[in-house]
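Swiss-Prot annotations:
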- 1-22: signal peptide (SIGNAL)
- Asn70: N-linked glycosylation site (CARBOHYD)
- Glu119: active site, proton donor (ACT_SITE)
- Asn127: N-linked glycosylation site (CARBOHYD)
- Asn175: N-linked glycosylation site (CARBOHYD)
- Asn212: N-linked glycosylation site (CARBOHYD)
- Glu264: active site, nucleophile (ACT_SITE)
- Asn356: N-linked glycosylation site (CARBOHYD)
- Asn361: N-linked glycosylation site (CARBOHYD)
- Cys370-Cys433: disulfide bond (DISULFID)
- Asn459: N-linked glycosylation site (CARBOHYD)
- Asn465: N-linked glycosylation site (CARBOHYD)
- Ser471: GPI-anchor amidated serine (LIPID)
Amino acid sequence: MARDFKLIFSISILLLLLDCCYGGKVGVCYGRSADDLPTPSKVVQLIQQHNIKYVRIYDYNSQVLKAFGNTSIELMIGVPNSDLNAFSQSQSNVDTWLKNSVLPYYPTTKITYITVGAESTDDPHINASSFVVPAMQNVLTALRKVGLSRRIKVSTTLSLGILSRSFPPSAGAFNSSYAYFLRPMLEFLAENKSPFMIDLYPYYAYRDSPNNVSLDYVLFESSSEVIDPNTGLLYKNMFDAQVDALYYALTALNFRTIKIMVTETGWPTKGSPKEKAAASSDNAETYNSNIIRHVVTNQGTPAKPGEAMNVYIFSLFNENRKAGLDSERNWGLFYPDQTSVYQLDFTGKSNGFHSNSSGTNSSGSSNSWCIASSKASERDLKGALDWACGPGNVDCTAIQPSQPCFQPDTLVSHASFVFNSYFQQNRATDVACSFGGAGVKVNKDPSYDKCIYITAGGNKTKATNATALTSSASTPRGNELLQWILKLCLMISLFFSLQTMNSQAL
């Protein structure tokens, strides 16, 4: 018995380690509100070509489900709002739906989530309290009957409008008018270990209030921080602030264990006249590139540092039949002919830079560098240097003893190298070289000897000290290697433990 306990304990520890090292996942939303899209089979080929492994669809279309068969792509399917009434009224209806519309394609098609309703609290035609939770329960019951309730998770997606307050994040609170719906929904999620699914769009905050919200702040490009006065936590982007507001709102209702999954986020490439300043290809490329890198490197949020999060980018294609402003039809990553609207690396491993050339704060180029200002005080330089090497996520290895940029061993020299690394990593924008006035842009390359000052457009492979560029990109690959090693250890442990148990039994 003691040996059996040790075996179980060892396996549990290994599984825990495996779970801890898994990184955040980036998926894409495959909406089909268009009359010019390629066939589902061609769409699947496109998705595979771009190494996309997680996809959300908004219904359970048979052609789409069949197309994803034998691909290993994890699929999130949806019960549309129009089906909620029927799903909430009859368990037999849901059992029949599962039998006829889902099970014929499972497990060949790797379905992992079912969303019951989409932003139903924003739909004037849906009574969320009457339909959503009962429909979720009926879907779960149907899954339990066929033994799939642990393999396919059930949830519903909501918008940020579910909050009555989102700033400061620590004051995040749910809208009391939804209390009758939220409590049973959250109890369902907690009991079944399902994620809280939210659609987040910092784009709208900037579009609707450009004079009060910084573009760099919503694009993950801000060199300054917004402080939460209640917690002292510092926020460099709006996405993290919105996610933490949700975590605090959940905590206020004593639902601390529920994980958050972002089922939609993105940025449009075109818009109506009122959206022209915000909606652009440059801004879309910058936002989506940065959110992907943010997720796969497990940065987490200030309130949940290092915590993995799954995020789905909206949307795969421009959808020409969507109603509303021009931007509604221009969120796509690809045109209907399957060419890219802009370049995007879904793995987050690319070392490339995506210059936000259309932004009002962007004037950087491959011929610009950022160095320490000769007018800056020692105190300001020291503070900016410490910040860049810490919260600023710059790899400062090159200025350590025996490294290429350690000499001359002066504060100005070290700060100059670090300032430039941060500047280039953050799209070489003017604000990325401010450092509270301690930084200044120059057009002459400050590189010397083997100390290479990188540029956004330069050849980074020749820079012997350009580790800051690759540190974030190497994290996912390092996690993959660690996962493989731990899995190998688990298999070896199981093999020898079973051998020992068999020999003792004999």
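Note: Cβ is positioned from N, Cα and C throughout, glycine not excepted.
Features per Swiss-Prot, on structure.
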residue	record	CB count, 10 Å
Asn70	N-linked glycosylation site	11
Glu119	active site, proton donor	21
Asn127	N-linked glycosylation site	14
Asn175	N-linked glycosylation site	14
Asn212	N-linked glycosylation site	8
Glu264	active site, nucleophile	22
Cys370	disulfide bond	28
Cys433	disulfide bond	26
Shortest C-alpha distance to the residue listed as 'active site, proton donor' - which of the recorded positions Asn70, Asn175, Asn212, Glu264, Cys370:
Glu264
I need the nearest neighbour of Asn175 (N-linked glycosylation site) among the recorded positions Asn70, Asn127, Asn212, Glu264, Cys433, using C-alpha distances.
Asn127
Given the recorded positions Asn70, Asn212, Glu264, find the one whose Cα is closest in space to the Cα of Asn127 (N-linked glycosylation site).
Glu264
Using Asn212 (N-linked glycosylation site) as the reference point, find which of the recorded positions Asn70, Glu264, Cys370, Cys433 has the shortest Cα-to-Cα distance to it.
Cys433
In Å, rounded, how far does the Cα of Cys370 (disulfide bond) sit from the Cα of Asn70 (N-linked glycosylation site)?
50
Using Cα coordinates, what distance in whole Å links Cys433 (disulfide bond) and Glu264 (active site, nucleophile)?
32
Rounded to a whole angstrom, what is the C-alpha distance between Asn70 (N-linked glycosylation site) and Glu264 (active site, nucleophile)?
25
